[in-house]
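First the structure, in the form of structure tokens, and then the observations on it.
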Amino acid sequence: MSTSFDTRTRHDSHGRYPEAVTVEDFRQNLATVRARIDAACRRVDRDPETVRLLPVSKTKPEASLRLAHAAGCRMLGENKPQEAYRKWEVMQDLTDLQWSVIGHLQTNKAKLVARFATEFQALDSLRVAEALERRLQTEGRSLDVFVQVNTSGEASKYGLAPEEVPTFIQVLPSFSALRVRGLMTLALFSSEAERVRQCFILLRTLRDQLRDRAPAGIGLDELSMGMSGDFEIAIEEGATVVRVGQAIFGARDTPDSHYWPTGSTTEEAPSLKSKEPQT
Ligand SMILES: *Cc1c(COP(=O)(O)O)cnc(C)c1O
């Protein structure tokens with residue numbers, strides 16, 4: 001994998017994804033995204049089977065999620081634990097549907113996640129690990145987890161600083177209900193593909209450095225990176241999970257600032273620029 005590709009971001013097309021309203025819409029959108037995944041894999045000689053597509057259903061109503069399920073989706077990603085929990089509660093008739101929580105967790109919401117989620121991709125503190133472990137023990141459940149890393153240096157993004165990750169990984173074996181699978185990141189929101197790519201390269205490099213030294217039982221094979229606007233670049237740099245919402249479900253009305261406190265959907269907000277590392 002190298003930086004010789006000129007794959008561009010698609011953040012500017014976000015507002016244009018039409019709402020999927022039929023099962024056929026979902027089938028088509030899934031096929032289109034899958035084809036883009038396959039094409040990105042071909043560019044870097046990767047087997048498309050090594051990339052999992054996680055459809056992200058946040059803000060979308062129950063009816064849309066049911067259509068996505070009918071079109072074949074068996075795991076859905078949700079950013080907010082409470083929204084995810086509500087949706088899980090009303091869709092328990094879909095017994096083969098699993099849930100991945102991909103957004104920041106406060107310790108007081110750990111009990112919700114412990115109850116229904118199969119996967120949690122935003123582990124970024126010891127306190128959250130402790131809270132989840134305790135609640136999972138109570139529930140008699142376990143959870144696949146990804147450690148979230150802040151690769152963009154933006155203060156608005158959650159996640160551990162890259163240099164904090166090695167120490168953090170060392171303590172995770174003491175949480176027996178957490179099955180560590182890999183690392184997760186959100187890249188810079190920018191139409192400058194090269195800067196976005198640097199975030200993905202940073203996550204992969206970190207994973208490669210840590211993998212050999214990882215404590216027993218800590219898996220670091222997975223790299224969850226890439227969303228509707230940048231997943232092809234992420235795949236070129238080694239993503240094994242891409243989290244794709246709008247390209248499957250349609251554009252969201254809710255601004256992304258609702259999910260990333262001071263973030264912005266298309267370009268870095270000017271106020272953030274000063275906090276970014278100089279390039
Ligand atoms: C919403 C979200 C995504 C998907 O973003 P899209 O632009 O809808 O593809 C990916 N990751 C996280 C953490 C999210 O909250």
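Using N, Cα and C of the backbone, Cβ positions are placed for all residues, glycine too.
Noted in TrEMBL for the protein shown:
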DOMAIN    29-252  domain 'Alanine racemase N-terminal'
MOD_RES   K58  N6-(pyridoxal phosphate)lysine
REGION    255-279  region 'Disordered'
- line: When pLDDT is averaged across the domain 'Alanine racemase N-terminal' (29-252), the result is 97
Field: DSSP three-state assignment for K58 (N6-(pyridoxal phosphate)lysine)
entry: coil
